[in-house]
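Novice: Below are the features listed in TrEMBL for this protein:
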DOMAIN    4-346  domain 'Aminotransferase class V'
BINDING   Arg42  L-glutamate binding site
BINDING   Ala76, Thr77, Trp100, Thr149, Asp170, Gln193, Asn235, Thr236  pyridoxal 5'-phosphate binding site
MOD_RES   Lys194  N6-(pyridoxal phosphate)lysine
Amino acid sequence: MARVFNFSAGPATLPESVLAQVRDDMLDWQGSGMSVMEMSHRGPEFVSIAEQATQDLRTLLAVPDNYRILFLQGGATAQFAGVPLNLPGDRADYIVTGNWGKKAHKEAGKYLDARVAATGDDGFTSIPDQSDWDLDAASRYVHITPNETIQGVEFPNDPNLGSDVPLVADMSSNFLSRPVDVSRYGVIYAGAQKNAGPAGICMVIVRDDLLGHAAPATPMVLDWQAQLEADSMLNTPSCFAWYVCGLVFRWLLDNGGLETMAATNARKASRLYDFIDQSDFYRNPVDPAARSRMNVPFLLADDGLDKSFLSEAGEAGLSSLKGHRSVGGMRASIYNAMPEAGVEALIDFMRDFEQRNG
Ligand code: PLP
């Protein structure tokens, strides 16, 4: 059966070679006579898988020695609470640039005074300039969402706060899409199911000095220090998801690492934006300086054509292009594993659809 080009925002397409490896390992992982799903998380086989994945992630992102890496459950959403619980204080600043930042801010409000220090325009089509952020020097941390998956708005680079207040980032939807200066951040967290693997696991990268301060009522599974002491295995981890993430990290390392990925991603995104911009039939509302390289939302001039666009795209082997219900239109998610050929096939289809309906 032919595979489609899958533009889903997450869970999202994975590299074919990773899926083939999973298939090959399914009945017998490296002579163990077991699949990874069936192994004890305490056994030497799984411990070696977990350690290798952690080491490979450290290499890929050039994570400095004074940062720890955790693989936790509950997705990025659990960390919306995990952040204020592990960094308790009176108040924190949130830069809200889309739906996910809004959710993170709302959840944090249960635990501290979560301030909106800056926000995008009404439709979240831009990133507020850092000089306009109304930061409170007494805040425990500043939280950003570097890529907003729904609106398709992305920070063009790593902000430099220039203060001792830790910068915390929900990197779920652009994690591993380009090199990141980890030292600019106190905490980075990212759900796996866009660029790093299957759903069910969330990576947390945290600077040493931010560990060991959790509020007393923090559930133990959300306590970063407790999880660190247990090698992220305070309870049974998402073993299978962790293993697949490890295969994705290997795939990234074998394919040139994050510099190469960044160049490919930039090429894919500009091909698609350039096509949209030269057309009167399609439109992307985001400020060009803040356009996401991962999630490209676009609207048809006549939304009465949305249905036929989606069904004909499906017939052409282009899947999951429907935009999020809160913004409508279309969204093409073009994460690392989307080949350039997928973007070209989408552009060809869009051109043909425009010629027939424009
Ligand atoms: N943050 C961002 C930027 C997302 O795109 C998502 C989407 O799934 C989430 C958080 C929520 O992640 P999870 O479903 O892993 O909790």
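Yeah, the Cβs are placed from backbone N, Cα and C, and that goes for glycine too.
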Novice: In the predicted model, what is the mean pLDDT computed over the domain 'Aminotransferase class V' (4-346)?
Specialist: 97
Novice: When you measure from each Cβ to the nearest atom of ligand 1, which of the binding-site residues Arg42, Ala76, Thr77, Thr149, Asn235, Thr236 fall under 6 angstroms?
Specialist: Ala76, Thr77, Thr149
Novice: Suppose we draw a 10 Å sphere around the Cβ of Ala76 (pyridoxal 5'-phosphate binding site). How many other Cβ atoms does it contain, all chains included?
Specialist: 26
Novice: Between C-alpha atoms, which of these binding-site residues comes nearest to the residue listed as 'L-glutamate binding site': Thr77, Trp100, Thr149, Asp170, Asn235?
Specialist: Asn235
Novice: Which residues does Thr77 (pyridoxal 5'-phosphate binding site) neighbour through Cβ under 8 Å, counting only same-chain ones at least six apart?
Specialist: Lys103, Glu107, Gly191
Novice: Rounded to a whole number, how many Å is the Cα of Trp100 (pyridoxal 5'-phosphate binding site) away from the Cα of the residue listed as 'N6-(pyridoxal phosphate)lysine'?
Specialist: 14
Novice: Please report the Cα separation of Thr236 (pyridoxal 5'-phosphate binding site) and the residue listed as 'N6-(pyridoxal phosphate)lysine' in Å, rounded to an integer.
Specialist: 23
Novice: Would you mind pulling the DSSP three-state label for Asp170 (pyridoxal 5'-phosphate binding site)?
Specialist: strand
Novice: So how many other Cβ atoms are close to Lys194 (N6-(pyridoxal phosphate)lysine), meaning within 10 Å of its Cβ?
Specialist: 30
Novice: Give the sequence-ordered list of residues that share a chain with Asp170 (pyridoxal 5'-phosphate binding site), lie 6 or more positions from it, and have CB atoms under 8 Å from its CB.
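Specialist: When sequence neighbours closer than 6 are ignored, Asp170 (pyridoxal 5'-phosphate binding site) has Ala76, Gln79, Phe80, Trp100, Gly101, Ala104, His143, Ile144, Thr145, Pro146, Tyr189, Ala190 within Cβ distance under 8 Å.
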Novice: Provide the number of Cβ atoms within 10 Å of the Cβ of the residue listed as 'L-glutamate binding site', excluding the reference atom itself.
Specialist: 10
Novice: Cβ distance under 8 Å to Thr149 (pyridoxal 5'-phosphate binding site), same chain, sequence separation 6 or more: which residues?
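Specialist: In sequence order, Ala9, Gly10, Gly98, Asn99, Trp100, Ser172, Ser173, Lys194, Met294, Asn295, Ser333 meet the Cβ cut-off.
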